Amino acid sequence: MAAESDVLHFQFEQQGDVVLQKMNLLRQQNLFCDVSIYINDTEFQGHKVILAACSTFMRDQFLLTQSKHVRITILQSAEVGRKLLLSCYTGALEVKRKELLKYLTAASYLQMVHIVEKCTEALSKYLEIDLSMKNNNQHVDLCQSSDRDVKNEDENSDKDCEIIEISEDSPVNIDFHVKEEESNVLQSTVESLTTEREEMRSPELSSVDMSFKDNEIRILHVESISTGGVENGKFSQPCTSSKASMYFSETQHSLINSTVESRVAEVPGNQDQGLFCENTEGSHGPVNEIQNLEDAFSLRHQCPRCPRGFLHVENYLRHLKMHKLFLCLQCGKTFTQKKNLNRHIRGHMGIRPFQCTVCLKTFTAKSTLQDHLNIHSGDRPYKCHCCDMDFKHKSALKKHLTSLHGRSSGEKLPRHDLERQNLL
């Protein structure tokens, strides 16, 4: 006990911050810097130990080569890359809201996990805040719009009220026609559904636009309404359509808020086939505008696993999480494994971090480098389980199995077929 009491323990809580500040000061004075990072045409001098501790990508670069110069091509902005590397010394990063995706992409490429997590949290936070603000603004606009409809009832007695419905994730246009004498029913229905939307709002609903513009239309999507209140209002009933079920399968019993540019309302409705049938005779509203809207707002993001399509990348990214897919923000290609996405991004950036020590040829993936080394060593590690042939490259084995045996690399021959192959 006496020996333990003689031991004094000191804890320096600010040691990490102080060391980083001094290291950054030495970097600014270009003292003890052992590596130069070139991001496009921008040079950043630093210390390998600091950069390797903050970036897995930089650590792998330093392990693969002993060169004092590392070149990185970041397509978005060299300034973004420089600030990311500088944050390794300062422990802080200032990101403009409109450049959040740029920083997220660059940090993912540099494998700076702590920055990726912060950017992802910030992106989700701002999307939720913007969605809440938009919903509040839309509720006010809906009330004002309903009041104007009631006031103008006498002036427009020969006209029908039109409600354009557009789902958040698809450019489908639906027109409902309500006679002027039933406008009170419409107003009460909209108000009740607005309250219901607050209680049943789905967390998946969002919009990429940060704020409404003056020339945009505030639009409601009415998916299901009680039949008692609708029959008197002469609402149009939907026809059976596979296309309708595709777009509305996940939005039943909910109100979906969205925005559409004012020019959408001007699209002529002269298509030959519509999605909804009219129960009210004599109405001549634009009910066949679906094809025109699809031409104006084509689905820019099509899910590779299901028929759903999306206009906004934020909605598309959220949907891909359901399928456990990883999206390349540069070209839109999806991957089932994150390591394949990282390798794909290196191809966009022009980075080939794996180099052959024999011929100095560079590659984007370690597996490709290993196949290349088999050429120098003469090894043939890939063996066909159907015959005695072996190959240097895995791609050559796959081609052999497909062309000669009609099988993929993961399939094995039945035992009797294998014995027959050996006899031949």
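Glycine is no exception: its Cβ is also placed from the backbone N, Cα and C atoms.
Per Swiss-Prot, the features are:
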- 33-97: domain 'BTB' (DOMAIN)
- Ser202: phosphoserine (MOD_RES)
- 301-323: zinc finger (ZN_FING)
- 326-348: zinc finger (ZN_FING)
- 354-376: zinc finger (ZN_FING)
- 382-405: zinc finger (ZN_FING)
- 403-424: region 'Disordered' (REGION)
- 408-424: compositional bias 'Basic and acidic residues' (COMPBIAS)
### Query
Per DSSP, how many helix, strand and coil residues does the zinc finger (354-376) have?
11 helix, 4 strand, 8 coil
### Task
Sort the residues of the zinc finger (301-323) into helix, strand and coil with DSSP and give the three counts.
11 helix, 4 strand, 8 coil
### Message
Just to confirm my parser: what is the rounded mean pLDDT across the zinc finger (301-323)?
### Response
79
### Task
Determine how many residues of the zinc finger (382-405) DSSP places in helix, in strand and in coil.
12 helix, 4 strand, 8 coil
